[in-house]
Amino acid sequence: MEWSLTQSKLLAFHRLMRTDKPIGALLLLWPTLWALWVATPGMPQLWILAVFVAGVWLMRAAGCVVNDYADRKFDGHVKRTVNRPLPSGAVTEKEARNLFVVLVLLAFLLVLTLNAMTILLSVAALALAWVYPFMKRYTHLPQVVLGAAFGWSIPMAFAAVSESLPLSCWLMFLANILWAVAYDTQYAMVDRDDDIKIGIKSTAILFGRYDTLIIGILQLGVMALMALIGWLNGLGWGYYWAVLVAGALFVYQQKLIANREREACFKAFMNNNYVGLVLFLGLAMSYWHF
């Protein structure tokens with residue numbers, strides 16, 4: 001594993017891991033924090049919290065590397081991705097593979113400090129991270145796999161805290177899948193024309209002219225499931241206000257994507273960071289109050 005770590009190469013690795021674009025890490029972080037706060041409840045151990053926060057960053061970076069590796073033959077034909085490190089030649093295929101291995105090993109070393117159940121679940125997390133980028137070649141539902149990959153930290157968090165996977169865990173996991181399909185469809189709407197030309201599949205293409213309607217239905221599903229989690233765990237009204245604020249953000253996103261303009265769809269996608277934040281704040285304040 002020989003690398004020439006020049007400043008330009010380090011910058012290329014930085015871009016390949018998307019450390020300059022934290023939105024993906026944040027969309028992975030919020031459900032992880034939801035799970036830790038519900039599982040504890042409201043008082044996660046500092047070390048477990050640190051392991052999951054660091055693990056989120058490492059696995060998101062690894063996911064970006066394997067995603068670009070899988071798409072390296074396609075990205076050169078898409079306006080938004082033509083200058084990414086792999087299609088531009090700033091990073092070689094071997095360097096990308098090596099970087100992926102290093103990131104995954106670091107994440108696994110962190111997981112090894114947790115219990116056996118969490119370690120076993122981490123194997124599935126790796127499988128999902130590896131499989132997702134290739135799904136867009138074979139199915140119009142890669143966003144479902146993305147939702148499972150981004151949400152797998154939820155059962156891992158419950159396992160790390162209690163070595164159990166209660167109903168709230170799976171409801172939250174399902175809510176995260178619905179949310180991920182909604183926001184990644186918004187993201188896919190940005191590249192829809194290019195994806196059709198080069199044969200990449202997505203829910204944005206599958207949903208067609210019903211895209212905004214289906215996104216809205218998915219968003220309602222997220223709100224219903226998150227409200228049910230609140231009821232099951234006896235959370236206070238502050239949490240339900242947070243769910244309503246998240247709903248208002250979804251309405252705003254619907255307004256943005258109504259005309260299906262690229263910049264507006266991307267703005268709607270980015271707005272989901274606030275959805276995750278608001279729901280976490282609702283959980284944190286509810287547990288703090290009690």
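Backbone N, Cα and C atoms are what each Cβ position is placed from, and that goes for glycine too.
Features of the protein shown, as given by Swiss-Prot:
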- 23-43: transmembrane segment (TRANSMEM)
- 46-66: transmembrane segment (TRANSMEM)
- 99-119: transmembrane segment (TRANSMEM)
- 141-161: transmembrane segment (TRANSMEM)
- 163-183: transmembrane segment (TRANSMEM)
- 212-232: transmembrane segment (TRANSMEM)
- 233-253: transmembrane segment (TRANSMEM)
- 268-288: transmembrane segment (TRANSMEM)
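Between the transmembrane segment (141-161) and the transmembrane segment (268-288) there are fewer than 3 Cβ pairs closer than 8 Å, counting only residues 6 or more apart in sequence, so the two stretches are not in contact. Nonlocal intrachain contacts for the transmembrane segment (163-183), taken as residues 6+ away from its ends with a CB within less than 8 angstroms of a stretch CB, comprise 27, 31, 34-35, 38-39, 115, 117, 143-144, 146-148, 150-152, 154-155, 203, 215, 218-219, 221-222, 225-226, 228-229, 232-233, 268-269, 272, 275. Sequence-distant contacts of the transmembrane segment (268-288) (same chain, six or more residues past either end, CB-CB distance under 8 Å): 23, 26-27, 29-31, 33-34, 37-38, 41-43, 179, 182-184, 186-187, 190, 226, 230, 235-236, 238-243, 245-246, 249-250, 252-253, 256-257. Between the transmembrane segment (99-119) and the stretches 23-43, 46-66, 212-232, 233-253, the greatest number of Cβ pairs separated by less than 8 Å involves 46-66. Within the chain, the transmembrane segment (23-43) has long-range Cβ neighbours (under 8 A, six or more residues past its boundaries) at 49, 52-53, 56-57, 59-61, 63-64, 150-151, 153-155, 157-158, 161-162, 168-169, 172, 176, 179-180, 183, 229, 233, 269-270, 272-273, 275-277, 279-280, 283-284, 286-288, 290.
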